[in-house]
Each structure stands twice: as C-alpha cells, then as structure tokens.
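Below is one structure, written out as structure tokens; the observations come after it.
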Amino acid sequence: MQRLVVWDPVCLPLPPPPPAFKSMEVANFYYEADCLAAAYGGKAAPAAPPADRPGPRPPTGELGSIGEHERAIDFSPYLEPLGAPQAPAPTTASDTFEAAPSAPAPVPASSGQHHDFLSDLFSDDYGGKNCKKAAEYGYVSLGRLGAAKGALHPGCFAPLHPPPPPPPPPAELKAEPGFEPADCKRKEEAGAPGGGAAGMAAGFPYALRAYLGYQAVPSGSSGSLSTSSSSSPPGTPSPADAKATPAAAACYAGAAPAPSQVKSKAKKTVDKHSDEYKIRRERNNIAVRKSRDKAKMRNLETQHKVLELTGENERLQKKVEQLSREVSTLRNLFKTLPEPLLASSGHC
C-alpha cells in the first residue's frame, strides 16, 4: 500500500509534453524517465507542476518520435501474485505418473517500504494456507514399473489389479467341444500313428473331442464335404460309416444312439419266407379286399339312388305338363262361352 501512496520514481509525473503530445497524455501514457534524462543531458527530469499551473514544456525536437519515449501503465506487479508457486515441467515421458519431490518455491524477501499489499493479498488468496499445492508428477515407464513392483515410490499410482495375461492366438478352425471317456481315447490313439494327444487324454478323466468346421454329408447327397458353423448339429451318418467304427460306437455308450440305430430298433426284420409273414400278408390282402368291396357297394347304392331320383323327376315333369294343358283348355273354354251363360253361371 505504501508503494501506491508514496510515489515511486518510476511512476513520478513527468513534465507536460508539447501540444503535439497532449492527446497521448489524455490516454494515460507516460514518458520514460531514462529517455527524458538523456534528453536533458544526463540530469534527472524535473518534477511536473500541478495541472492548474502550466509550466514550461520541452521542445518537440528534443524528444524525437512518439513511439520511442512512451509506454502504458504496467499493472502486472499488482495483478500477478509474487508468491504463486510455479510447477516444473515433467522430466520423463512415459505411461504412468510418479510423484517427484517438489522443491519449495523461493519467496522473495519483501522490505517494509516497498511491500505490495495487493501482491500479498493475491498470494494469500491463490497460494496461501487455504489452497493446497497441486501434486507434481513425473513419468515412469511400464517396464521399470513391472521390474520394481515391490519397491514403488510412496506416491506412485500402483495398479489396483494385475494386468490380464495376453489372449491366446485364435484357432484356425472352429471347434465344437465334446467330451469322451479317456480310456476310449487311449484305445483309439494306441493304434493310430503319432500318439501326441494321448498324453493329454491320460491327464484328464475325459478327453476333449473337437468336431471340425466341416462334416460328412450323407451318402444320398451329391457332395463329400460341406462347411457348417459350430452351432449346427453334425450330419446324419450313413450305415456304412456306422458299421466302419463299431469300437468307437461302443466307447460312446453314454451318448445318444445314432438315428440309423433307432430306425433299426423300430422296424423288425422278418423273413419273407416264414409263415408269420405269409399270414400277415393274407390278412392285409383280406382287409384291402373288404375295403374295396365296401367302396363298390357305396358306389352302386349311390348310382341306384341317382336313377330313382331321375325317374321321379321325369314323372313330376310329366304331371306338370298335363296340368298346364288342362289349365290352357279351361281358359279357352271360358273365352268361347257367351256372356248370358256366364252371367247365369255367376248367379248359380
């Protein structure tokens, strides 16, 4: 506050400029003291008289151009807090933060005469006891963090959970997992060349069986292989394939039977030369004959009924024709009779 009350030599009022620079004085421009001192021959610039008393003004030729000896009022010492801490730039560039030891910011020693009240006020507001200093972090690499995981800095952000392991490489073909007993797998692998998968089957009670992304087409179709997704069921095996692998079918006792086996169980195999087959065929033939005879009888009955209805219709038509002829003759008779007979017949 003393700096505002007591005039600083930098802010002392200068002698009034010539009339050419009067507009600059109104716009709050001041002349630099060192430039005016050079203009007056190395002596200090004389103090300007009050505004009501006009004083001598230096000539225009001694001051030179306008831009060299003029400057605006600088309010930066009053607006920028002197004690505000400055955060240092990060030292290392990497992926994680590491707390760096912060050195205390040097506080300039303020004298009693030139102590700035506004600077002290701003320093209390922005960098004082009410504001906490922001943490300063450097960077540390992930490799160094993984190597020295146990001896981390107290301020370092350690991950809450360990990073997940990298995913396994994707398989080339889609596989549908299936399980089968390990002893069956061992039996199959014993006869096959290269028992690489036998070790896997020996370690587990059930070995993993994979259906590849293609399946065999039934023998009736016109192709050998057909691609299908893993969600589609496997194709129906042909009878030749079912007979080719009896040992494998015996191993899969817990699995559902093949559709061909279900059909064979449902349909009995009967010898055509046996008496039972002959009796059954005779019974079937008799039943077919009876049904055919019944159909013929129904057909004959229908035809007979149609004939009866046709004859009745003809009789009715003949009767209608007869009645119509009678009506016409009676009408003609009534037309030929004289009027007196008609009048007498009317009275009767």
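Positions of Cβ are set from backbone N, Cα and C atoms, glycine also.
The domain 'bZIP' annotation in Swiss-Prot covers 274-337 and is backed by sequence analysis.
Marked as O-linked glycosylation site by Swiss-Prot on the basis of similarity to another entry: S228 (among others).
Residues annotated as O-linked glycosylation site in Swiss-Prot, with similarity to another entry given as evidence: S229 (among others).
Under the heading asymmetric dimethylarginine, Swiss-Prot lists R3.
Per Swiss-Prot, phosphoserine is recorded for S232 (among others).
For S291 (among others), the entry in Swiss-Prot reads phosphoserine. All protein chains shown were included, and the count of other CB atoms within 10 Å of the CB of S291 (phosphoserine) stands at 10. A helical conformation is recorded for S291 (phosphoserine) in the three-state DSSP classification.
Sequence-distant contacts of S328 (phosphoserine), defined by Cβ-Cβ distance under 8 angstroms and a gap of at least six in the same chain, do not exist. Under the DSSP three-state reduction, S328 (phosphoserine) is assigned to helix. Look at Swiss-Prot and you will find S328 (among others) tagged as phosphoserine.
As annotated by Swiss-Prot, region 'Disordered' applies to 44-65 (among others).
Annotation source Swiss-Prot lists region 'Disordered' at 79-112 (among others).
Per Swiss-Prot, region 'Disordered' is recorded for 158-178 (among others).
The region 'Disordered' annotation in Swiss-Prot covers 219-277 (among others).
Confidence for the region 'Basic motif' (278-298), expressed as mean pLDDT, is 95. The feature region 'Basic motif' is assigned by Swiss-Prot to 278-298.
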When you scan the chain for residues with a C-beta under 8 Å from the region 'Basic motif' (278-298), skipping those not six or more beyond its ends, what do you find?
270
Where DSSP helix means H, G or I and strand means E or B, what are the helix, strand and coil counts for the domain 'bZIP' (274-337)?
62 helix, 0 strand, 2 coil
